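Report on one structure; see the data block that follows.
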Amino acid sequence: MRKISFCLSLSFSFFLLGFVQCNLNYNDALAKSILFFEGQRSGKLPPSQRINWRSSSGLSDGLLAHVDLTGGYYDAGDNVKFNFPMAFTTTMLSWSTIEYGRRMGPELQNARAAIRWATDYLLKCARTTPGKLYVGVGDPNVDHKCWERPEDMDTVRSVYSVSASNPGSDVAGETAAALAAASMVFRKADPNYSKLLLSTAKNVFQFALQYKGSYNDSLGSAVCPFYCSYSGYKDELLWGAAWLFRATNQIYYYNLVNSLGADDQPDLFSWDNKYAGAHVLLSRSALLNDDKNYEQHKVKAENFMCKILPNSPFTTTQYTQGGLMYKLPHSNLQYVTSITFLLTTYAKYMKSTKHTFNCGNLMVDYILGENPIRMSYMVGFGHHFPKRIHHRGSSLPSLASHPQTIGCDGGFQPFFYSANPDPNILIGAIVGGPDQNDCFPDERSDYSHSEPATYINAAIVGPLAYFAGSWN
């Protein structure tokens, strides 16, 4: 335990000494990181819609199953609704709001709206048909062969679900976590809605617990390789139980958390692997209240930090020459933002390091332009940002400027393969990011580096609110 604490002390000192006084506008970045979600909306758009080159879409979603599954978010640059990453997005937006809502200022209302756009849809998925949880709309194998606006979609809108005979403990566990976390966001703002979210979260979690199995096996090519649950479903059960315990403080979920504890040693946190997030969430009581019942989670959280932080003798994490945490080649910034959220939140819990972030976390600053090529990886932030992102709606002309339908194949030659900048700026979108050499080609076809995703953005909202609040 002493070694681990020493490791954290060394590593957090590195972060503190590594800071330079900078002029990044975290308030602007926070506002744009939340605005991005309006560009990902599916369903009938409200009069308050601020990204005005988008229009209503997916208005018949659910029709093939004779249910209403309109709403929710498209996951990334395509036109598919994958509930597994969408639910994680919702959990992280909710966690950000729970921890940092007081630092969000006027953006708190927009953060709640972003969460509610997802939870309204997730409630439909969970409550429409007894014994069934809908987990996605749109055939990804067909959709990914097309380059068309969501408003023009003419591909089959297949509906996917899990049930007792075709279980999905992973997606159900994450859905329960999302609804439970969101219930805390709306506890004072909308008590009745909060109660609905929490009661639904409990039911969905019991479904996940009672009918164990991975949705990989139940849905096959509809979710794999796109969003396979590679880590299995045990992490989602722990994650869901942890959030339900946080939301209810009921001994039932406390006992579940203890029974679901696994001998895991993660060194990343993502839409797929939730162990590290669960341990940081559960370590809160140990750190803030000195509650020894959560000591094992505190130890695991500290082990995780020691695998992440530079200068730690136990680190397993590589960093680029420019200082960026580098985990995996495909969409590396998804891991950077998720892990940065845990770093910031754990530091917030630790009294000894609570006030160490005076200028901003190095990873956040890197994303916002403090890097070797001075590229802001948030679209619309700063003067130098990605201009050719892998995103259908952004790269194709809006309905207002091009009212004629653009079919499945119609968007490739004149738009996808064009070297011209995107006609529509998806403000706030964070792309997959640079390679291991800090290089970024800014090519639309390079989806590993140029595609934005909801879960990349969701995890950075909290740190941005933290730093914006610190400057304020």
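Along the chain as shown, the residues are counted starting at 1.
Backbone N, Cα and C define each Cβ position, glycine as well.
Just so you know, TrEMBL annotations never went through curation; they're auto-generated.
Keep in mind the model is a prediction, meaning the values are calculated, not measured.
What TrEMBL says about this one:
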SIGNAL    1-22  signal peptide
DOMAIN    26-463  domain 'Glycoside hydrolase family 9'
ACT_SITE  H390  active site
ACT_SITE  D442  active site
ACT_SITE  E451  active site
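Between the active-site residues H390, D442, E451, the minimum number of other C-beta atoms within 10 Å of a residue's C-beta occurs at D442. In the three-state DSSP scheme, D442 (active site) falls into the coil class.
Cα of D442 (active site) to Cα of E451 (active site): a distance of 10 Å. Between the CA atoms of E451 (active site) and H390 (active site) there is a gap of 5 Å, rounded to the nearest whole number. Averaged across the domain 'Glycoside hydrolase family 9' (26-463), pLDDT in this predicted model comes to 95. The secondary structure of E451 (active site), as reduced to three states from DSSP, is coil rather than helix or strand.
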